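Student: Feature table excerpt (TrEMBL):
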- 17-34: compositional bias 'Acidic residues' (COMPBIAS)
- 17-42: region 'Disordered' (REGION)
- 61-79: transmembrane segment (TRANSMEM)
- 85-104: transmembrane segment (TRANSMEM)
- 124-141: transmembrane segment (TRANSMEM)
- 147-166: transmembrane segment (TRANSMEM)
- 173-191: transmembrane segment (TRANSMEM)
- 197-214: transmembrane segment (TRANSMEM)
- 226-244: transmembrane segment (TRANSMEM)
- 264-283: transmembrane segment (TRANSMEM)
- 290-309: transmembrane segment (TRANSMEM)
- 339-356: transmembrane segment (TRANSMEM)
Amino acid sequence: MVYASYQVACDCDATVETDETDETDETDEIDEADETRSMNSTQVDTSPALRLSQVVGSFKLPMALTLAIFVLSFAPRIASNSTLMYSFWGASLVLLLWQGFMLIHLARRPALKDFSRAVYSQHYVQAMVQFSVYLYWGYYWRPVYDHLWLLAGQVMFAYTFGMLLAWSRRRSYMLGFGPIPIIFSTNLFLWFHDDWFYMQFVMIAVGFLGKEFVRWNRDGRSVHIFNPSAFSLGFFSLILITTGTTDLTWAPEISSTLTLAPGIYTYLFAVGLVVMYFFSITLVSGAAAITLFGFSALYAAIAGVPYFLDSDIPAAVFLGLHLLITDPSTSPRTPLGKTLFGVLYGIGVFALYTILGWFGEPTLYDKLLCVPLLNLSVIGIDRLVRRINSDAVLNLWNPSWFSGRANVAHMMIWISVFGLMSLLGRTDAQHPGDSVPFWEQSCSAQLPNACDRLVSVESTYCGDNAAWACNELGAHYREGAIVDRDTDLAYSYFARACELKFQAGCANLLQEQTALRAEPLELDLRLMLRQGGKNLMDTPVFELYARACVHDWAFACERSAAAGE
């Protein structure tokens, strides 16, 4: 891996150093550069030769970025919502006032504010991989493309905020690609609705403040504890859970719409290999995935139903274990340490899914809450690994194999595991949890959580305007067998089913003592057989009923057979 470091002082020629190094060395270099951005790089000169114009000149870049944020607010996507536009104005104003305060201070004590340019492959490769996810996902869910305007504003805000924070701390600012993967990673999991978008800028600021101030000594050096994006995501997840304000964000939609992109697991696996190859994080991602696959399979074998609703690993969690927990700077660096880190992430997600469900909180936060806790465990993991001969424990092959590059062997194992899971239908294929009849049968058999899952699935489809699902919910609340009886709620669901022209729903609406049921309409099947993907509006009727038969709809099997004769 090649990286280039450029040290630039405002009144000196730039020097360039190029070295060959591996992932661990590059991570060390980033940490050391982060630690040594000291007053030595902020040149103080009290002589008359240093004019105020020279000081002001060093603020050209943050001033330009602040102006760019303000100008961007007039883009149609942003200007169409006054609160969103004011959020951009507010961000610009805060940055402008900060710069003004610094200039007033520097007028009394002149000092040049400079940059240390550092370009690391860890940053730009990860940013390119993340952006490819946006492009692929956004092609099938258009709000992602609409969000790219807001993403650009956040990147400019992050650069400006980082510069001013470093200069306020009397340090040179490291100018490179560092802020981009932080912003991209944050927005892959959480962004606020337009009316609350100013909180997005606050979340970014919290991430950078956490990186700057929340630090510890690791291997004799002061380094940041938390992955900046994971820190802000975890912090705001706690706030949203505590205040019950998840609806202010796109978080539920982000978690559920990844599967609209066909073959999303295979795509994430493929781009994840790029990150694994360059930065040797295979053991982290692979161990986390294998842990989750294993625990999910064990639970399904014991309970008879999937642990997660309709997957062995939710797509958003699969995204997280590739692009959220893999920051080399805030994770262990030994093979055994990385493996333990990944296993703990898998266990943490698995446990939090149940814990959040017990408290009635959105389970989508499972992948976010445990990352800061894992970052805190890194030193403890390092201490444990030092007591063990980790190379002997983990690298059972000859060190000369693959020219000493054990990461290649780790990648081959991970590729084999993912290939096996794909062949078993545990990634992009139909999952048992996709089938409504499966949950009906499981509920009748009183399997763990099956009735709650059935109601949850039917609620989702009713929200998609599947009349059959609305009528079923009305029947559940009128009968009171698997949910508490609620006459008013039953009436509202029957009314919705009738509005969608479902005859049984209209009959139930008129007769308060009945709970009539009927087969799903063709439109209902188009909405309920999508398996997390797009609705099947263009699917031929024959294929539709064949697919319904695979989902165990008995009436559909009869119609499919009749149509085939």
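Think of each number as a place in line: the chain as shown, counted from 1.
Glycine too: its Cβ is placed from the backbone N, Cα and C atoms.
Note that the coordinates shown come from a computational prediction; the quantities given were computed from them, not determined experimentally.
Walk me through where these features lie, including what they touch and how far apart they are.
Tutor: Within its own chain, the transmembrane segment (61-79) has Cβ neighbours under 8 Å at 85, 88-89, 91-92, 95-96, 99, 115, 146, 149-150, 152-153, 156-157, 159-160, 163-164, counting only residues six or more beyond its boundaries.
Through the fold, the transmembrane segment (226-244) approaches residues 181-183, 185-186, 189-190, 199, 203-204, 206-208, 210-211, 214, 251, 324-325, 327, 329-330, 356, 361-362, 365, 368-369, 371-372, 375 of its own chain, all at least 6 residues removed from its boundaries and within a Cβ separation under 8 Å.
Listed by sequence, the residues of this chain that lie at least six past the ends of the transmembrane segment (339-356) yet keep a Cβ under 8 A from its Cβ atoms are 241, 283-292, 295-296, 307-308, 317, 320-321, 325, 331-332, 362-363, 365-367, 369-371, 373-374, 377-378, 381, 384-385, 394.
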Student: Hey, which of 124-141, 147-166, 264-283 has the most Cβ-Cβ pairs under 8 Å against the transmembrane segment (173-191)?
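Tutor: Answer is 147-166, with the largest number of Cβ pairs below 8 Å.
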Student: When you scan the chain for residues with a C-beta under 8 Å from the transmembrane segment (264-283), skipping those not six or more beyond its ends, what do you find?
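Tutor: Tertiary neighbours of the transmembrane segment (264-283) are 1, 22-24, 121-122, 125-126, 129, 132-133, 136-137, 258, 315, 318-319, 322-323, 326, 328, 331, 335, 338-339, 342, 394, 407, 410-411, 414-415, 418, 422, 427-428.
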